[in-house]
Amino acid sequence: MTVSALEANDAKRGGRSLLSALLLPIVLVNILVFVAPVANLAAMSFRSAAATGAMIEGFNLSTWSSLISDAYYWSMLWRTVWIGALITLVALVLSYPLALFVSRATRAKALLIVLCISPLLISAVVRTYGWMVILGDQGFLPAMLRSFNLTPPRLINNQLGVIIGMTEILMPYMILSLLSGFGKLDATLEQAAETLGAGPFTVFRRIVLPLSMPGILLGCLLCFVLAVSSFITPKMLGGGRVALLATEIYDQAIVTLNWPVAACLSVLILIVFGTALLFYGQLSKIVE
Amino acid sequence: MLPKIARGVHALSIILILMFLLAPVILVFPISFSADAYVAWPPSAWSARWYVALLHNEEMVTAFRNSLLIAACVTVITLVVAMPAAVALTRWSFRGQDALISLFTAPLLLPSIVLGLAILVIFAGYGLVSSWPGVVIAHLVITLPYALRVLMTGLGTMPSFVEDAAGTLGAAPWQVFRQITLPLMTPALVASAALAFIVSFDEVVISLFIAGTQLKLLPVSLYHYVESWTDPLVAAVSALLVLGTLGIVLIVERAIGLGKAVSK
């Protein structure tokens, strides 16, 4: 559209002042609850708190330097990253066949999609509670194992419980991303390959997998960043024994009341996010 | 012979994965009818005692009512703020438009624990923590991006030439909006309202930071209850919440399709 056409368009719809008026409320709210708080939090990480929780005047690097020199935080960062990566991997392995099946379904496809992603709309507290019912010492799974005369391992208040629960809770995001990627998959391509003599494994490796790569990458990015920032599930299924970045942010902010440390850890989580995004961008380029 | 076995294994694994995905949501139903004083499988007897206990649990009833009211307020304000923005961002083209859209949807990319902490630090200085307006405003940070995206999708798939035609025929902009745009975007409006409601009602992390201990909200009360009690009361609440969510899922699915609404 040319500039004059744009201007004519504007005039017809009431011009620039109307445009500004329409956008004003959302800009105000966005500044109030997003831009200002996040900028303020980043600044907060360059302050420090006395043992009483009172803020010390002026900006400095002391909170950052004490954090970086503390091995406790390094091991927590490492644990957060590997647990997040493991959850992403398991979620991918479980979601892929399911998503492929759903995208190929001829009957009840809409129902299957709703079944797969409606857990997203159920509160994380409720779904995590469901896992406590299943994994708890008196829960469903240990009872099942006992009925087969097996000794159930400890499934709750440890890393295993957190990984099982988080994998299920994040799977709908993976399924959704994979489904959007499978949209490009054309069944006739596979039939053509089969007609030309390719076995099912070759068809999968040479046709299905490469074409679904964008969906895989998007799902992995989403799962990883959500796993890294999850707080409710690790807190409830970890029983306070699995310290991750997100749970530590909460403890520092609400229990210890050391806001500068909580702010530093928040910036750290954002750095992990940024790194994941960078990886995603690079891998997407390779895939294309 | 072999393909048959392979197909059987494939079908079985699909069913197992689907069961894994739905297990926690389904199993709260039988546990909620347990007669035991603690969560144990299988329950020694069945009863509705935890539903009765729920009705008499003052904290849960108050928290439920508060959460409903907050979600209703958040939904109304979300629509009032997001609707004009969605019209502006789809019916005008101007420089910096894409940057603005990214800015408005950016909160979805940040972990809610970071958003919660960031808002807490600011709100603490203005006495907004543990207050109704504080919680409502804080919830807007996550409901607005969802609503804005659903409304923009709705407006984007709607041809603007109908509006242009009405304008050419002499209708004032406000008239065009009321008589053409608004009726055509009803499905998107219903979907974004349902989403805003459910996102606000279910939000636990931001509420944990902003609602504090005085203002009781259901997800927060459930979280604290599970921390200190192991009886099946929470299963009863969970079962009711799952049924309520199912109703809203059906509304969203009818209006625009669930897949479009919840993708990040």
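Keep in mind that glycine also has a Cβ here, set from the backbone N, Cα and C atoms.
Feature annotations, courtesy of TrEMBL:
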type     : residues  : note
TRANSMEM : A:20-42   : transmembrane segment
DOMAIN   : A:77-280  : domain 'ABC transmembrane type-1'
TRANSMEM : A:81-103  : transmembrane segment
TRANSMEM : A:110-135 : transmembrane segment
TRANSMEM : A:155-176 : transmembrane segment
TRANSMEM : A:215-237 : transmembrane segment
TRANSMEM : A:257-280 : transmembrane segment
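Only sequence-distant pairs (6 or more apart) were considered; of these, fewer than three Cβ pairs between the transmembrane segment (A:110-135) and the transmembrane segment (A:20-42) are under 8 A, so the stretches are not in contact.
Counting same-chain residues at least six beyond the ends of the transmembrane segment (A:215-237), those with a Cβ under 8 angstroms from any Cβ of the stretch are 80-81, 83-85, 87-88, 91-92, 95-96, 124-125, 128-129, 131-132, 135, 156-157, 161-162, 164-166, 169-170, 173-182, 244-247, 249-250, 269, 272-273, 276-277, 280, 283-284, 287. Within its own chain, the transmembrane segment (A:20-42) is flanked in space by residues 263, 266-267, which lie at least six positions past its ends and keep a Cβ under 8 Å from the stretch.
Sequence-distant contacts of the transmembrane segment (A:81-103) (same chain, at least 6 residues past either end, Cβ-Cβ under 8 Å): 109, 112-113, 116, 159, 162-163, 166-167, 170-171, 174-175, 178-179, 182-183, 185, 208, 216, 219-220, 223-224, 227-228, 242, 244, 272.
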